[in-house]
Amino acid sequence: MTAADRRLLLVHAHPDDESIGNGATMARYAAEGAQVTLVTCTLGEGGEVIPPELAELAADRTDSLGEYRIGELTAAMRELGVADLRFLGGPGRYRDSGMMGVPDNDRPDCFWQADVAEAAGHLVEVIREVRPQVLVTYDEHGGYGHPDHIQAHRVAMRAHQLAADPDWRPELGPAWRITKVYWTRVPRSVLLAGLEQAAARFPLVAAEQDVPGVVPDELVDAALDGARYAGHKAAAMRAHATQITVDGGFFALSNDRWQPLLADEYYQLVHGPAGSARPERDLFAGVEVR
Ligand SMILES: [Zn+2]
């Protein structure tokens, strides 16, 4: 299989999740000539705003953060070399639901309230058009319990199933079976070592449960060396300036708790054939050309 035959689809909840979780992976496959498609499910309208001069964008002020974050995400994709960026159902179709338990969870237009089959239909349309061999998303807990991340997982896994069923909404295109599905992971030992380094440098560090997808090391099936793409990943994260502060090999979200900026990225294979090496060094290992 040549690089140009490779097609990678990533499904994320908010602008910034892709760069934090998979920035080096996206930059690598884009640089190698693969087609990389990002589907982001909300505009992240509910996020807190870090730079004081942009505070007016917030949902409780002018409520224009979503539109602003389209610009940040576009800039981040430029840093990663990724051209194919889409919003599930179109920009603004599904609104950010906020953290679990907040009143925004009940807004009828929020992603958490979306009908999963209907939302999956939008993604099936993308899958049948792009025909990716590999899908990357979150685990069933959304990595860390955010409603939009949980919903992104449900929609991605449902769409993976439905896209392959020729009898399900044939008007959305010919059925397509994605070969491999991965959930983004962080091996616990890697995170703990990084948090220890962060603690030596910053007054506050993130808690393990704040970091999406942390698992015992043995659950990690693929480990991608991101050394060559660390600069691209950091630049993409900096492009999300309303959400992320980057300092060297570390970053903080609006809670000002620091964590390692991991160049290497890790995955758990949940569907499809494993490559011959473990951990795999390539998400397309074992995929046949189609
Ligand atoms: Zn998110």
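For all residues, glycine too, the Cβ spot is worked out from N, Cα and C.
What TrEMBL says about a protein is an automatic prediction, not a curated fact.
Model, not experiment: these values are computed from the prediction.
Within its own chain, H149 (Zn(2+) binding site) has A13, D17, Y138, G142, G143, P212 as residues 6 or more apart in sequence whose C-beta sits under 8 angstroms from its own. In the three-state DSSP scheme, H149 (Zn(2+) binding site) falls into the helix class. The Zn(2+) binding site feature in TrEMBL is assigned to H14, D17, H149.
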For H14 (Zn(2+) binding site), the number of other Cβ atoms found within 10 Å of its own Cβ
26
Students should find that the Cβ of D17 (Zn(2+) binding site) has, within 10 Å, a number of other Cβ atoms equal to 27
